[in-house]
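J.: Before I ask anything, here is the structure I am working with.
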Amino acid sequence: MEKATERQRILLRHLQPSSSSDASLSASACLSKDSAAYQYGDDVVIVAAQRTALCKAKRGSFKDTFPDELLASVLRALIEKTNVNPSEVGDIVVGTVLGPGSQRASECRMAAFYAGFPETVPIRTVNRQCSSGLQAVADVAAAIKAGFYDIGIGAGLESMTTNPRGWKGSVNPNVKKFEQAHNCLLPMGITSENVAHRFNVSREEQDQAAVDSHRKAASATASGKFKDEITPVKTKIVDPKTGDEKPITVSVDDGIRPNTTLSGLAKLKPVFKEDGTTTAGNSSQLSDGAGAVLLMRRNVAMQKGLPILGVFRTFSAVGVDPAIMGVGPAVAIPAAVKAAGLELNDVDLFEINEAFASQFVYCRNKLGLDAEKINVNGGAIAIGHPLGATGARCVATLLHEMKRRGKDCRFGVVSMCIGSGMGAAAVFERGGGVDELCDVRKV
């Protein structure tokens with residue numbers, strides 16, 4: 001009773017106007033010493049985040065792997081790394097974009113069974129285009145915060161080999177009467193060209209961003225930085241000429257090109273406009289892959305003695321002009337950071353999805369971000385962009401990098417643009433930065 005009374009007192013204090021501070025309740029949640037949520041173990045933490053390698057669609061190592069097998073591998077990895085009883089998971093939410101809705105929902109349910117989850121654990125899908133994996137993580141965090149359950153998994157899945165892009169069915173002719181609705185149908189490459197043209201992003205700037213992405217991703221791979229986040233997948237690959245099957249274990253992203261140069265990229269022709277600047281070399285790759293994040297209430301993690309990899313702080317989704325959908329992160333990031341009670345300069349690392357170099361460069365410049373803080377291990381241009389899985393992949397990459405950096409890295413942001421004109425961003429805090437009171441075991 002005394003604890004409940006004290007908690008009410010703290011919450012009421014946040015609701016009362018103060019001459020010394022106008023910080024919101026969500027802002028105070030970022031301050032480990034001044035947070036009702038932290039004090040009572042009610043905030044949402046991440047105890048594991050895993051992904052598969054990302055492989056080139058149609059040509060890569062997962063071209064003969066079923067989507068449900070990709071998802072099962074990362075779901076299984078979360079349980080194996082934490083020894084959490086699968087039956088304790090309140091829900092699994094999977095971000096996925098291209099797979100037919102009812103079929104993909106069934107595939108995800110099948111994947112959970114492959115991974116050892118009992119029939120009592122529910123699963124659902126969510127589709128907010130390229131942010132679907134991040135949306136899944138945010139949905140689970142919100143459900144835990146609301147008290148629907150204490151443990152949940154936010155995941156992402158895409159097989160662009162199995163489910164290639166393309167609009168299916170007819171389009172309502174009335175769409176032509178509404179310019180912004182009509183712009184939702186623009187090819188993503190055209191929106192990239194629109195961003196480059198409207199905001200004067202040069203071809204050289206875009207190509208340089210691509211070179212940097214490959215260079216950093218190649219360095220991260222060579223130094224073993226991705227090993228902690230990548231779950232090896234045992235699968236097969238089929239020779240298209242002979243039909244022979246070969247067993248393989250996939251543990252390395254296969255789209256990274258270490259020898260990418262400005263001169264080499266300059267030779268590539270624009271893909272979407274004859275006089276454009278968007279090429280196959282400065283755009284994200286079509287990829288296959290999956291990722292998954294295990295979240296729980298802090299007091300549950302403490303009771304289980306689990307190390308806390310990160311803390312989920314805030315999430316924001318915003319709308320922008322569909323014709324320049326790539327600007328989404330430039331709007332979503334400030335919204336999420338403000339909700340966390342922070343300034344952009346307080347953020348130590350950013351994972352901004354490189355759908356196209358044009359929009360990546362624009363967002364970086366618009367926000368005035370330090371290039372040394374962004375995509376320090378490369379981005380989607382080098383690693384790949386399996387649409388529904390990208391958010392979960394970025395969360396895994398961010399949190400493992402924050403863990404490596406330790407006390408010098410407290411806050412991180414994941415963000416991406418979204419087809420049809422949106423942006424999403426989430427703020428995370430490094431687990432060790434607010435866990436001085438936790439006596440945790442190593443795994």
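Glycine too: its Cβ is placed from the backbone N, Cα and C atoms.
In case it helps, Swiss-Prot gives these features for our protein:
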- 1-30: transit peptide (TRANSIT)
- Cys130: active site, acyl-thioester intermediate (ACT_SITE)
- His385: active site, proton acceptor (ACT_SITE)
- Cys417: active site, proton acceptor (ACT_SITE)
J.: In whole Å, how far does the CA atom of Cys417 (active site, proton acceptor) lie from that of Cys130 (active site, acyl-thioester intermediate)?
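T.: That comes out at 7 Å between the alpha carbons.
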J.: Please report the number of other Cβ atoms within 10 Å of the Cβ of His385 (active site, proton acceptor).
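T.: Other Cβ atoms within 10 Å of His385 (active site, proton acceptor): 27.
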J.: List, in sequence order, the same-chain residues at least six positions removed whose CB sits under 8 Å from that of the residue listed as 'active site, acyl-thioester intermediate'?
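T.: Non-local contacts for the residue listed as 'active site, acyl-thioester intermediate': Val97, Asn353, Ala355, His385, Leu387, Thr390, Gly391, Met416, Cys417, Ile418, Gly419.
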J.: Give the number of CB atoms, excluding that of Cys417 (active site, proton acceptor) itself, located within 10 Å of its CB.
T.: 34
